[in-house]
Amino acid sequence: MAEPLTVSPELTANYAYFFDLDGTLAEIKPHPDQVVVPHKILQLLDRLAAHNAGALALISGRSMTELDALAKPFRFPLAGVHGAERRDINGKTHIVRLPEAVVREVEALLRSTLVALPGTELESKGMAFALHYRQAPEHEAALLALAQHVTQHWPQLALQPGKCVVEIKPKGTNKGEAIAAFMQEAPFAGRIPVFVGDDLTDEAGFGVVNHAGGISVKVGVGATQAAWRLESVPDVWRWLEQINYPQQEQQVMNNRRDGYESFSRSI
């Protein structure tokens, strides 16, 4: 069981930071286009990266184009579409591609099927697809069955359930593999990985970080293999501030009576 995270890592330690975005750095909204990362949080991320030789990356199911737009004016190393696309510290991209015919056929099937499922939404990511049902939770089972059908018919694809979404992505891509790839490269190599995420899609990342002796942090409720837990997105924001300004940590700890439980075990 994940324990409440109660002590922020020291800036002098040799850490590499990885953050999911939706539900971790930004509150989840009814539609993905409504999500915003507060500018102050982006500034904290940039400061944290600077204190760690640039060893900070965003790891998300969103595309890298979306991540760059949400992170403006800052530019971080990224893994988008659950690791199907990745950009390293030098700006070099690594992209998993599917045959164009497969993409066309899958997208056509999904679009035609979703017409009969009002309230659902198809998001095409080029090499992956997201079937959203936040506005129509009654269609969850139908979308899972549809995704299972697709992955059985096209074995190069894999199903990834998430929060009010079912993802169809290239087989073998996940956030854990993306983190592992970053950890083989400068400036991440040789550091202790820290990964913060909130969803089922983040569990592969937690597994890789745990195996490396790092710090895995689950945001919110639910079963997880993460070792630590923060209750909400605002708690992540406060934790980021503590990491960046450790001299203020004691004051924050003294203000927990507002309902924020800080950290309960030393990292």
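Note: Cβ is positioned from N, Cα and C throughout, glycine not excepted.
Copied over from Swiss-Prot, here are the features:
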ACT_SITE  D20  active site, nucleophile
BINDING   D20, L21, D22  substrate binding site
BINDING   D20, D22, D198  Mg(2+) binding site
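Annotated features taken from Swiss-Prot, shown on the structure.
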residue	record	Cβ contacts under 8 Å, 6 or more apart
D20	active site, nucleophile	L58, I59, S60, K175, F195, V196, G197, D198, D199, T201, D202, G205, V219
L21	substrate binding site	V35, V37, L58, S60, R62, L67, L70
D22	substrate binding site	I28, P32, V35, S60, G61, R62, D198, D199
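D22 (substrate binding site) carries a strand DSSP state (E or B). Neighbour count (other Cβ atoms within 10 Å of the Cβ, all protein chains): 27 for D198 (Mg(2+) binding site). Excluding D20, L21, D22 themselves, the residues of that chain whose CB lies within 8 A of the CB mean position for the substrate site are, in sequence, F19, G23, T24, L25, A26, L58, S60, G61, R62, G197, D198, D199.
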